[in-house]
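Colleague: My structure is below; once you've seen it, I'll send some questions.
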Amino acid sequence: MAKDIEAAAAHEGKDYSDPPPAPLVDAEELTKWSLYRAVIAEFVATLLFLYITVATVIGYKHQTDAAASGPDAACGGVGVLGIAWAFGGMIFILVYCTAGVSGGHINPAVTFGLFLARKVSLVRALLYIVAQCLGAICGVGLVKGFQSAFYVRYGGGANELSAGYSKGTGLAAEIIGTFVLVYTVFSATDPKRNARDSHVPVLAPLPIGFAVFMVHLATIPITGTGINPARSLGAAVIYNNDKAWDDHWIFWVGPFIGAAIAAAYHQYVLRASAAKLGSSASFSR
């Protein structure tokens, strides 16, 4: 009986395993079609994400414009809640669709955090970020092409620091918001959780999308919610207004800092990777 209990305990302790750290530079990866397929998936997913979300923002502003003519003028629009749902819902859908191909990053900050945690190589991270930025630019470009009459009039969906808030407040909002997102990504994709909940594959995209939704509710009044440098860059490039570029650095620095903190917190506090490394070093002496 005791042996059965020990065997069961040993089996439970080995029901999952952490994948080995990704190499910093993997030249062989460049010869694999799977890498380029993943890059294409990131490009298309980010394009769709920006198209739907920015179109929602423009549509809402048009519907609530008192000077607008026609039946839309009397419509209350989707509101901030609807905009937040558009962003969170699209992330849920796109992560679910692309997770098996590229991991479903759709955000340079997420890619950066996973790179710091050695989940992806430097080569893959750089290609992902380039694809995400290009996809975002193309996605916002489609919005401008389809809604040219309203695009410039309603701000192009660009992130801007709202009046009454300091640069420090905007930066802090982006850091905290991105921390929430990337921390959720790490937790939802943790190998131990995957082993236990593998029969419910929707569980990972759901909290990630919901995190995006909640962060938008909190930070739309402050920065319009960036937490995704590609999203901010795409809107700024297509809108190309001085105000959109004035504080654009906030939407890169903030998310990257937030992602780095989330990666460190998950890897070296929650998963105690630092302790594991220390133990390995002591045994090797």
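A Cβ is built for glycine as well, from the same backbone N, Cα and C atoms used for every other residue.
Marked as transmembrane segment by Swiss-Prot: 38-58, 75-95, 126-146, 168-188, 202-222, 250-270.
Let's see these features in context: how buried, what's close, how far.
Modeller: Proximity of distant same-chain residues to the transmembrane segment (75-95), defined by a Cβ-Cβ separation under 8 Å and at least 6 residues beyond the stretch ends, is recorded for 45, 48-49, 52-53, 56-57, 59-61, 63-64, 104, 106, 204-206, 208-214, 216-217, 220-221, 225.
Note on the transmembrane segment (168-188): residues 107, 109-110, 113-114, 117, 161, 203-205, 207-208, 211-212, 214-215, 218-219, 222-223, 225-227, 247, 250-251, 253-259, 261-263, 265-267, 270 of its chain, located 6 or more positions outside it, place their CB under 8 angstroms from a CB of the stretch.
Same-chain residues lying 6+ beyond the ends of the transmembrane segment (250-270) with a Cβ under 8 Å from its Cβ atoms: 107-110, 112-114, 116-117, 159, 161, 167, 170-179, 181-183, 185-187, 223, 226-229, 232-233.
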Colleague: Mind checking which residues of the chain, 6+ beyond the ends of the transmembrane segment (126-146), have their Cβ under 8 Å from one of its Cβ atoms?
Modeller: 35, 38-40, 42-51, 54-55, 58, 102, 105-108, 111-112, 120, 156-157, 229-231, 233-235, 237-239
